[in-house]
């Protein structure tokens, strides 16, 4: 689950219809690839990307992901009317759904946020094949870093090392008192949340807030790793994101111009729409299906299935 949709930090900009970036035609087929701007040059393809990965011609893969990789795990968008998350928040008469991620509203009434947190408890959901594809990239020594907008923690649950993750919008894996700034144990946080209690600091009684980035708050320090990671990357994979929220969205342009970029998404978004490069590849449609296509081209299907089965068995056998 990504934290924000069309809104961004109060101090940051969202690239929308008024952002001065004109979109080209959105006529790419659901399984098509998108290359240079109408030239006769041979378009870079999904097969080309697979070959680069399979032959280890690319060994510093950077990944950017959003909410679209979590919906196959059953996590609904909390902003969507009719979803369980949204319905559970109606009782609090929110002025708008995103208000639960505003500090002013949180200090006025923290209950809606912790209602959402309870729904997102890590034990309620399982990683899907997309998460495990990234895990397999890391197991093979090919993953440089994964940048996620999601706060559901499924990248961690899939077994990707925390050192390889940049959780751009924060994490429930740690929490801090909003008054004295003391760290609060994760297990104590979830114990209170699951009992429908607002966690409070045992020292100063201040409200404890998970280290999720609210509107107007700075991003985690680890986000600055992009300064090193993106110039080093030799392949950029972007999946399940609208590329609307800054500064995350701009990272899609931070790799060198010669670096292939693969977008696997439901819609044509960001620079793939208004400023495509000659080595861009776009796979529109169902994200899981297109990841499975890439895995098949890599020859990793059986290996990935074994990983999913093994890790799912571990999760089902213990309380996370």
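Yeah, the Cβs are placed from backbone N, Cα and C, and that goes for glycine too.
As recorded in TrEMBL, the features of this protein are as follows:
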type	residues	note
DOMAIN	39-301	domain 'Deacetylase sirtuin-type'
BINDING	67-71, 77-79, 149-152, 241-242, 265-267	NAD(+) binding site
ACT_SITE	169	active site, proton acceptor
BINDING	177, 180, 201, 204	Zn(2+) binding site
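The structure, with features from TrEMBL marked on it.
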residue	record	contacts (Cβ under 8 Å, 6+ apart)
177	Zn(2+) binding site	183, 184, 201, 203, 204, 206, 207, 208, 209
180	Zn(2+) binding site	201, 203, 204, 206
266	NAD(+) binding site	68, 240, 284, 285, 286, 287
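Here the Cβ of residue 204 (Zn(2+) binding site) has 12 other Cβ atoms within 10 Å, regardless of which shown protein chain they belong to.
Each of the binding-site residues 67, 201 was ranked by the number of other C-beta atoms within 10 Å, and first place falls to 67. Every protein chain shown contributes to the tally, and the Cβ of residue 241 (NAD(+) binding site) ends up with 27 other Cβ atoms within 10 Å. The average pLDDT for the domain 'Deacetylase sirtuin-type' (39-301) in the predicted structure is 93. Looking at residue 67 (NAD(+) binding site) and residue 169 (active site, proton acceptor), their Cα atoms lie 12 Å from each other. Here the Cα atom of residue 70 (NAD(+) binding site) is found 15 Å from that of residue 169 (active site, proton acceptor). Of the chain residues outside the Zn(2+) site list 177, 180, 201, 204, 178, 179, 181, 182, 202, 203, 205, 206, 208 have their Cβ within 8 Å of the site's Cβ mean position. Under DSSP, residue 70 (NAD(+) binding site) is assigned to coil, being neither helix nor strand in the three-state scheme. If you take the Cα of residue 150 (NAD(+) binding site) and the Cα of the residue listed as 'active site, proton acceptor', they are about 7 angstrom apart, rounded to a whole number. The Cβ of residue 150 (NAD(+) binding site) has 25 neighbouring Cβ atoms from other residues within 10 Å, across all protein chains displayed.
Straight-line distance linking the Cα atoms of residue 169 (active site, proton acceptor) and residue 241 (NAD(+) binding site), rounded to a whole number, equals 14 Å. When Cβ atoms from all protein chains are considered, those within 10 Å of residue 70 (NAD(+) binding site) total 29, not counting its own. In this structure, residue 177 (Zn(2+) binding site) is part of a beta strand by DSSP. Mapped onto three states, the DSSP output places residue 204 (Zn(2+) binding site) in coil.
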